[in-house]
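Asker: Below are the features I grabbed from TrEMBL:
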ACT_SITE  161  active site, proton donor
ACT_SITE  235  active site, nucleophile
DOMAIN    13-326  domain 'Glycoside hydrolase 35 catalytic'
DOMAIN    383-484  domain 'Beta-galactosidase 1-like first all-beta'
DOMAIN    509-568  domain 'Beta-galactosidase galactose-binding'
C-alpha cells in the first residue's frame, strides 16, 4: 500500500491508489465515546456503508497543563486510528489546534488565557509557541499512521472554519507550515461554511464546505471558486446541538436523506457530522454567544445523528445504509447487534456532606481582588480550567450587590452561608438583607462552558473576572477555593469521615452519596433525577456531566463499562434541591423537540 498514491484532488473527482474514490465519511470523536465502545461504534459505521472516519483532536484534553501531555487510555489517538484501519476505514484527521465541536473553548486549553494579552487563533507569539509545542508531540504520533507509511490517514485538515474568524492573514499559512514541516504529507484541506469560504482558505490546500440545506447554491459556489477540483461537503450536519433551557433539535430523517441524495447524485463526496455524536462527559461542553446572548450547551451530544448517543440505530441509519449500499460493489457487512441495557433499581441517597464541609479538601487562596479561574495559582500554576470557584469576603452591611457583569457564568450568592440569590448574565444585581455586624459573603461561581465558536474566544475567562460592588464600592480581601472536582478531590471527598446521614433538611449546596449495586455483568443505562435541581453526577469517580431541571436534557448516559459488578459509588453535587433517590431508565429523554431549521443560530451559519 505504501508504494501506491494516496488521496489526490487533481481533477473533478478524488483518486486513491490511482483509482476514482468517493468519500462517504462520518464523524465519531474518540473522546466522546467510552474506549470500550470504540470498536462497536466503528463497526456500526462500517456496516452503514461509510468508508472514511473523521475525527477532531481535542488539544485541551491532550495537554491539560502546559507541557504535560496525555495520549493514553481514553485519549490513545494512535490506538483509535489503528482500530479504524483494522476495521477497513480510511481516516481524515482534523487536528486543530482549534476544533469548535461544541467543546469547551473549541478544544483550546484554558491555560492559554492566563496571558492577559492572548490572541487565540492568530500568529500572536504566545499562541504560536504553544501550538508548536503541542504539534511537536502530536504530529510524531500520527506521522506513521499516514497513507504513505502504510496507515489509514488519507487527509489532514488545516485548522477549522477559519473563514468565520479570520483575524490574521498569516495564521493559516503558519498552521499549514506547522503540519508540513513535521512530516504531514497527505492531502491537506480546509473546512468552512459558505460565507467562510471567502477568506478561510490557504494556498495549495483543498477547500471543502459545511452545510445542512442546499440553499444559496453553496456547492455551486465552491465549484466556482475552486474549479476543476473534487467537491467535498466536509460537514453535512445530520442534526444539531442543544443548549440549556431550549428544545432538543431534530432534523427529520426524510429531509436529511433528500439532501444527502442530492449531494451524492452529481458525484460530490460527503462527511456526515455527526455520524455518532456520543457525549460531552464532565465539564467539556461548550457554549454559544449568539447575538450577544450566552447559552451553554448540554452534555448530551446525541445530535439527532444516525447512531444515537448510546449507539442505537435510528431511522436515519437505516435510510443511509440503503442509500450508501448503492455505492458499493460488494454487499455491506451485517449490522452489529445492539448493546444490552438495563433499568437498575433506584439508588437511595444515604449520605450527605455540605459544600462548606468539603472546603477542607481544597487549599484556600488569599487575594485582595477577585482572581479569575484561569489565573488562580493552582494545578502547577496552570490555573483552574473547569468546575466551580468559591469566593468569600466579609461585609459589614446589606445593600445593593452588583456584579458589573463580571460573573462568568453563574453565581449562587450566600450571606453567612444562607442562600440569598443568583447572579448571572441576566441578573446582575439584587439587594442583600441588612444584618448585625460583620457577615461572610460567598459567591459560588460556575464555569458553565466556554464559547466554542465566533469572535469571542479571547474573552472566555471564567469565575469572577473583575470587581463585584456593594453599594457601588468594590469588595476586597477574598478567600478563594478552587472546586474543579477533579478525581483527586473526589477521592479525598470519598474518604472523608464527615459524611452524615441525610438530614430532613440538608444543607445546600452539598454532596449526596448512594450506592448502585450491580448484580452480574454491567449494562448501559440512563440516570434520571426527578426532584433534583442542578448539579453534577459522578459514578466511581467519573464525571458524567451536569443535570439541570430546566432541560431540555432530562437523562444522563451511564455506559456499562464504567460500572463494575457489586457496589458502585454515585455522588451527586447538588446546588439547591434534592430528592431521596436517583432512578434509572432504559431510554434517554432529550426533552421537547424542535426542527433544527427553526433555530436562528443554525440559519446564521
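Quick reminder: no glycine exception, Cβ is built from N, Cα and C everywhere.
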Asker: Quick one: pull the CA-CA distance for the residue listed as 'active site, proton donor' versus the residue listed as 'active site, nucleophile', whole Å only.
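Answerer: About 11 Å separate the Cα atoms of these two residues.
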Asker: How does the domain 'Beta-galactosidase galactose-binding' (509-568) divide up by DSSP, counting helix, then strand, then coil residues?
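Answerer: Output for the domain 'Beta-galactosidase galactose-binding' (509-568) reads 3 helix, 34 strand, 23 coil.
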Asker: What same-chain residues, at least 6 away in sequence, bring their CB to under 8 Å of the CB of residue 235 (active site, nucleophile)?
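Answerer: Residue 235 (active site, nucleophile) has long-range Cβ partners 27, 191, 210, 211, 271, 273.
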Asker: Per DSSP, what is the helix/strand/coil residue tally across the domain 'Beta-galactosidase 1-like first all-beta' (383-484)?
Answerer: 3 helix, 51 strand, 48 coil
